[in-house]
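The active site, proton acceptor feature in Swiss-Prot is assigned to ASP256. Sequence annotations record features per position, and here Swiss-Prot assigns ATP binding site to LEU141, GLY142, GLU143, GLY144, SER145, TYR146, ALA147, THR148, VAL149, LYS164. What Swiss-Prot records for 456-469 is compositional bias 'Polar residues'. According to Swiss-Prot, the domain 'Protein kinase' annotation covers 135-419, on the basis of sequence analysis. Residues or ranges marked as phosphoserine by Swiss-Prot: SER24, SER78, SER95, SER134. What Swiss-Prot records for 103-133, 449-469 is region 'Disordered'.
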Amino acid sequence: MCDLIEPQPAEKIGKMKKLRRTLSESFSRIALKKDDTTFDEICVTKMSTRNCQGMDSVIKPLDTIPEDKKVRVQRTQSTFDPFEKPANQVKRVHSENNACINFKTSSTGKESPKVRRHSSPSSPTSPKFGKADSYEKLEKLGEGSYATVYKGKSKVNGKLVALKVIRLQEEEGTPFTAIREASLLKGLKHANIVLLHDIIHTKETLTLVFEYVHTDLCQYMDKHPGGLHPDNVKLFLFQLLRGLSYIHQRYILHRDLKPQNLLISDTGELKLADFGLARAKSVPSHTYSNEVVTLWYRPPDVLLGSTEYSTCLDMWGVGCIFVEMIQGVAAFPGMKDIQDQLERIFLVLGTPNEDTWPGVHSLPHFKPERFTLYSSKNLRQAWNKLSYVNHAEDLASKLLQCSPKNRLSAQAALSHEYFSDLPPRLWELTDMSSIFTVPNVRLQPEAGESMRAFGKNNSYGKSLSNSKH
């Protein structure tokens with residue numbers, strides 16, 4: 001079933017600002033330990049139902065996907081260009097931000113944010129959780145419009161952590177997106193979702209303390225250009241779908257899937273990150289060089305102005321990332337704007353109409369006269385390496401559907417034949433169990449690194465430990 005959520009009316013903005021200030025003050029009394037799972041979700045609103053293929057939920061959010069301005073990482077441009085002319089290279093950006101929403105319905109049907117407050121017990125003679133002096137900053141990892149990420153070390157247990165320091169605005173208080181990220185992540189316990197250890201609130205900042213993960217999928221692909229080892233692609237994709245299935249069953253969307261938001265540990269574990277930190281913005285009518293990359297993984301329904309978001313939104317991003325891992329280039333690397341992005345999609349999948357995508361003509365930005373009329377192609381014509389891997393093209397084709405209702409759900413994708421050669425025990429793991437606890441499940445050396453990573457009897461992930469990110 002699909003749950004539709006109506007947006008809040010504009011006249012509530014004033015009340016929302018007052019609520020932000022109240023919640024900001026409440027954060028000074030919140031200090032959560034690693035094992036505290038009682039921090040509740042915030043936003044509450046009405047739900048109705050809708051259908052989507054597999055097991056999906058449609059959500060119409062309070063806001064839309066954010067644009068990020070982060071640390072740059074250079075990526076390769078696809079050679080499959082519908083305009084058949086050279087274009088300037090686009091640089092991908094690393095993001096600390098994105099929005100993700102979980103909504104519940106109150107017994108009265110009215111919208112009323114709720115926060116349950118907890119403080120963490122601590123010894124007066126030892127470093128405390130929830131205190132800024134409990135962590136040592138080691139180096140800056142990235143900086144966004146209102147948040148900075150540092151590599152840090154816990155003085156409590158000596159473990160490495162990632163510190164997201166969010167600068168607070170006096171008038172607005174704690175940003176709802178930061179509250180949302182904290183509330184969601186404290187309730188999500190899964191091996192393939194980044195773990196939130198602690199929350200620190202001061203007058204000027206709100207700091208979210210995460211487990212430290214060595215690199216992300218974007219950097220990993222930059223380090224291994226030309227496409228990843230097929231076995232590693234399968235393990236990364238399996239973990240991505242595992243994490244998404246977990247949050248989708250809880251009516252949570254990630255809404256900003258891209259390689260920069262998928263962390264890779266030194267043992268090869270993939271973890272979903274960046275839940276709700278960014279400020280929300282409208283889908284832009286134009287973009288700038290450091291924003292254009294965020295369009296690469298955005299589905300055509302959103303590009304065309306749809307605001308009825310479902311778990312199918314995330315599944316489009318999965319398809320794009322799957323193709324990129326195999327082919328070694330982004331699936332749809334638009335170079336200019338939304339129009340260009342849609343042209344690249346339609347060149348491969350065909351220009352939609354009411355027969356292939358019922359309801360497309362009602363989308364705000366769909367103007368048939370603006371688009372070249374393309375016929376759909378086999379995906380291997382665009383990305384030839386899909387044909388080298390059993391069942392890869394079929395799975396990609398079921399994820400990269402223009403009509404959101406036709407996209408495979410995360411749970412259904414896990415049962416696809418593409419994964420049929422993996423050990424059955426992978427489907428029996430508990431949520432917090434890593435896939436690498438199953439015998440014989442391990443990453444393979446990427447091209448050219450066998451001697452470097454395995455010749456000295458080292459674990460695979462040690463080659464990543466010196467990555468700067």
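Going from the start of the chain as shown, residues are counted 1 onward.
Cβ coordinates are placed from backbone N, Cα and C, and glycine is handled just like the others.
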Secondary-structure category, per DSSP, in which GLU143 (ATP binding site) falls: strand
Packing count at GLU143 (ATP binding site) (other Cβ atoms within 10 Å of its Cβ): 15
Assigned element (helix, strand, coil) containing ASP256 (active site, proton acceptor), judged by DSSP: coil
Neighbour count (Cβ, 10 Å) for the residue listed as 'active site, proton acceptor': 27
Rounded to the nearest Å - Cα separation of SER134 (phosphoserine) and LEU141 (ATP binding site): 19
The residue listed as 'active site, proton acceptor' and LEU141 (ATP binding site), distance between Cα atoms, whole Å: 20
Least surrounded among the recorded positions, given as SER134, SER145, when other CB atoms within 10 Å are counted: SER145
Sparsest Cβ surroundings (other CB atoms within 10 Å) among the binding-site residues LEU141, ALA147, VAL149: LEU141
PLDDT averaged over the residues of the domain 'Protein kinase' (135-419): 89
Rounded Cα separation (Å) that holds between ALA147 (ATP binding site) and ASP256 (active site, proton acceptor): 17
